[in-house]
Amino acid sequence: MAPPGLPLWLLSTALLSLLAGSSAFLSHPRLKGRFQRDRRNIRPNIILVLTDDQDVELGSMQVMNKTRRIMEQGGAHFINAFVTTPMCCPSRSSILTGKYVHNHNTYTNNENCSSPSWQAQHESRTFAVYLNSTGYRTAFFGKYLNEYNGSYVPPGWKEWVGLLKNSRFYNYTLCRNGVKEKHGSDYSTDYLTDLITNDSVSFFRTSKKMYPHRPVLMVISHAAPHGPEDSAPQYSRLFPNASQHITPSYNYAPNPDKHWIMRYTGPMKPIHMEFTNMLQRKRLQTLMSVDDSMETIYDMLVETGELDNTYILYTADHGYHIGQFGLVKGKSMPYEFDIRVPFYVRGPNVEAGSLNPHIVLNIDLAPTILDIAGLDIPADMDGKSILKLLDSERPVNRFHLKKKLRVWRDSFLVERGKLLHKREGDKVNAQEENFLPKYQRVKDLCQRAEYQTACEQLGQKWQCVEDASGTLKLHKCKGPMRFGGGGGSRALSNLVPKYDGQSSEACSCDSGGGGDYKLGLAGRRKLFKKKYKTSYARNRSIRSVAIEVDGEIYHVGLDTVPQPRNLSKPHWPGAPEDQDDKDGGSFSGTGGLPDYSAPNPIKVTHRCYILENDTVQCDLDLYKSLQAWKDHKLHIDHEIETLQNKIKNLREVRGHLKKKRPEECDCHRISYHSQHKGRLKHKGSSLHPFRKGLQEKDKVWLLREQKRKKKLRKLLKRLQNNDTCSMPGLTCFTHDNHHWQTAPLWTLGPFCACTSANNNTYWCLRTINETHNFLFCEFATGFIEYFDLSTDPYQLMNAVNTLDRDVLNQLHVQLMELRSCKGYKQCNPRTRNMDLGLRDGGSYEQYRQFQRRKWPEMKRPSSKSLGQLWEGWEG
């Protein structure tokens, strides 16, 4: 029989061994963290690091070794990360709300950027508001929105350190929890990158000390590498030979196959190229402080033991270009260098060192942050959470070694600006259908018999002419027009005097009857006032009229109507003379007119004249030497552009003088500003009953006048500042030796460069999948671009002419769907079977039939054999 104390001793030994094993289990760092996190039910911390204007295509991430070690080697790298708009404030608004630009209505860096409308409708629905209401300690540090003025603290943020207005590194103002705080130019206390890094670290440590069980959300929004590109002093000597920005598209200009600003941007001058080199160098220098900031935040997470319970996201609001396609600097283009951004994620269950090829967008950040926090994603957010793309610990069937590809989007929308509202006089029911290319429409018209004769038919207005290169063109018939009773004759009969084709001037008959006649400028003005009614007289000359030819609208200036003494008629050497001049009596119905003496030839340029018979004659060298012809044509184009700018300025001044005209004194009129002013007020309307309907038009007129005055103020301001760089319709800048205040300094003097245009409004479809990699863009001007990035990764050639009409039509339909989408269900098209497409010879229609979705009712392109593909299409 065993001693009675033996079982007790064995029991105590077993108990001690179990306690030692449990202690060893808890000593393992990973298991300890997971055990404690599950026990305490702590949600993960979230840190979003956002940079301003940071590119991927120009190699900015190559110098950030600390960030790449922390985020790329320790987390997931999304190699196909894009923004849906390459503009600061619109993109940041999309990041906050998870919506496309057309759904949060912030189209530019000025319009609706931090406006009262934005504050009321969208700022109250940012991801910070949702997380703050569920217990997160939320904090924002750095640049917010371009037009944020610091007058309030946006909702959803417990700690707020927001930068007023645009990015700066020194001499800026912060709004710290509602109190404005000015900073100077001392690096140790004022350098923005270091300041917001230190503030964010201090906030995180304090939050974990005071509220250890509450998760933290922090947004650290850096100004780098945005201008003015002021680097920290210790980095001002780095990268003297930076050349990552010199890509195949660098200084690739002009580009006649691209949209307007690209066509008129020439190669850069040497001073511009030197500026791009220094700009790239200074941008990289500013990013070194961001690199240090990432290391500081990482070390803080390690010290506090929160690294394994924190998601870190690193990205930018959009990309940048430096010298690409001849553009000295800037953003706002739909190309890869402006829409691709860095995108890294590190956190729990994220596979370290992984590359993810799925498309992620800036509108995915808000849904992802909500998903990480365990919150439901609102249905009005257009983006979707990428958390399921990161989870590496979900169980996988061991009998299926090859993972099934996740269903994800393959296309997205890139948009900039908005389409201006049409005038009331424009077409209201404009068909949403595509047109054939212009050359095809002209070719079809030239097949008709009425356009194949050389202006010989009665009432013929156009003729088809084949130029030296074999291209068919529609030319307006010169000489007197023979109206055949069409509507066009009635429309012009009120403006064109019905005289003989040899003279549109009034006959000044002497008492003797048949002499020559001449009529000076003053006489012609009197005749015009006498012959025409007041309703047809205008103070401003009519610029153009729209002439319709078989359903096609051609805008033709009235000065091109064949009238004698018209100095703007086109002329080609060797063109046949009109044979209809001798038969002019039938046109006017007034019989023949006596002959008159014609004026002498008019000298237009130093090499070209307008002869007595209204024809243009130039030196023979221009018809023989191609180089001489080009040089003279460029000279004429320059003169025309100069005169147009001068005319525009004169019209602005004329409008100003009309508004500031002094009133004439009427001694018999009772002064309105008298002591009986109140008794003189009319209780009813003073307008004539026939004039009451014009009140709405008067309001429109007042709005136009306000715009006119605004333009005039800008013009006067430019003149006062001696600003010769600004050009109408272009966004230009002047750089000089005083722009950069920190080393390295610019010493090569001032220069001017233009970076964008007012008509640079577009909507693009970007698609990446196993069979396609393209960019399809429609511009507000009607221009279309298509780039196949599989064969042209730098988008050097517009390949829209290689597409069939059916493919163009399908691309247009898909783009229109995305332009009107709302919510993640509509805004995330995906392919159900990526193996189907053009690889096996199938059509694009077969490829798209797997992406059919239910969309709101909208006008679809018609299936006409001929006609426009869509309104505004330009081949």
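Cβ coordinates come from backbone N, Cα and C, glycine included.
Under the DSSP three-state reduction, Asn65 (N-linked glycosylation site) is assigned to helix. Around the Cβ of Asn65 (N-linked glycosylation site), a 10 Å sphere holds 13 further Cβ atoms from the protein chains shown. Marked as N-linked glycosylation site by Swiss-Prot on the basis of sequence analysis: Asn65 (among others).
Around Cys88 (3-oxoalanine (Cys)), taking its Cβ as the centre, 23 other Cβ atoms fall within 10 Å, counting all chains. Look at Swiss-Prot and you will find Cys88 tagged as 3-oxoalanine (Cys), backed by similarity to another entry.
The annotation active site, nucleophile is assigned in Swiss-Prot to Cys88. In the three-state DSSP assignment, the secondary structure recorded for Cys88 (3-oxoalanine (Cys)) is helix.
Taken from Swiss-Prot, the feature N-linked glycosylation site covers Asn112 (among others). In sequence order, Asn105, Thr106, Trp118 are the residues of the chain that are 6 or more apart from Asn112 (N-linked glycosylation site) and have a CB within less than 8 Å of its CB.
The secondary structure of Asn132 (N-linked glycosylation site), as reduced to three states from DSSP, is helical. For Asn132 (N-linked glycosylation site), other Cβ atoms within 10 Å of its Cβ number 17. Annotation source Swiss-Prot lists N-linked glycosylation site at Asn132 (among others), citing sequence analysis.
Cβ-based neighbour count (10 Å, all protein chains) for Asn171 (N-linked glycosylation site) stands at 13. In the three-state DSSP reading, Asn171 (N-linked glycosylation site) counts as coil. The N-linked glycosylation site feature in Swiss-Prot is assigned to Asn171 (among others); the stated evidence is sequence analysis.
Secondary structure at Asn198 (N-linked glycosylation site), as computed by DSSP, is helix. Listed in sequence order, the residues of the same chain lying 6 or more apart from Asn198 (N-linked glycosylation site) and placing their CB within less than 8 Å of its CB: none are present. The N-linked glycosylation site annotation in Swiss-Prot covers Asn198 (among others) and is backed by sequence analysis.
What Swiss-Prot lists as N-linked glycosylation site is Asn241 (among others), and the listing cites sequence analysis. Summarising the environment of Asn241 (N-linked glycosylation site), the number of other Cβ atoms within 10 Å of its Cβ, over all protein chains shown, is 6.
Here Swiss-Prot flags Asn539 (among others) as N-linked glycosylation site, drawing on sequence analysis.
The region 'Disordered' annotation in Swiss-Prot covers 560-595.
Residues or ranges marked as N-linked glycosylation site by Swiss-Prot: Asn566 (among others).
The number of other CB atoms found within 10 A of the CB of Asn613 (N-linked glycosylation site), across every protein chain shown, is 12. Under the heading N-linked glycosylation site, Swiss-Prot lists Asn613 (among others).
The N-linked glycosylation site feature in Swiss-Prot is assigned to Asn722 (among others).
Here Swiss-Prot flags Asn759 (among others) as N-linked glycosylation site, drawing on sequence analysis. Of all Cβ atoms in the protein chains displayed, 16 besides its own lie within 10 Å of the Cβ of Asn759 (N-linked glycosylation site).
Just so you know, the Cβ of Asn769 (N-linked glycosylation site) picks up 16 other Cβ atoms within 10 Å once every protein chain is counted. Swiss-Prot lists Asn769 (among others) with the feature N-linked glycosylation site, giving sequence analysis as the kind of evidence.
Across the structure, Asn613 (N-linked glycosylation site) and Asn769 (N-linked glycosylation site) are spaced 64 Å apart at their Cα atoms. Ranked by CA distance from Asn65 (N-linked glycosylation site), the glycosylation sites Asn132, Asn241, Asn769 have Asn241 at the top as the closest. Asn759 (N-linked glycosylation site) and Asn241 (N-linked glycosylation site) have their C-alpha atoms 36 Å apart, to the nearest angstrom. Comparing Cys88 (3-oxoalanine (Cys)) with Asn171 (N-linked glycosylation site), their Cα atoms are 21 Å apart once rounded. When the Cα atoms are compared, Asn171 (N-linked glycosylation site) and Asn241 (N-linked glycosylation site) turn out to be 29 Å apart. In this structure the alpha carbons, written CA, of Asn769 (N-linked glycosylation site) and Asn241 (N-linked glycosylation site) are 37 Å apart.
It is 47 Å from the Cα atom of Asn132 (N-linked glycosylation site) to that of Asn241 (N-linked glycosylation site).
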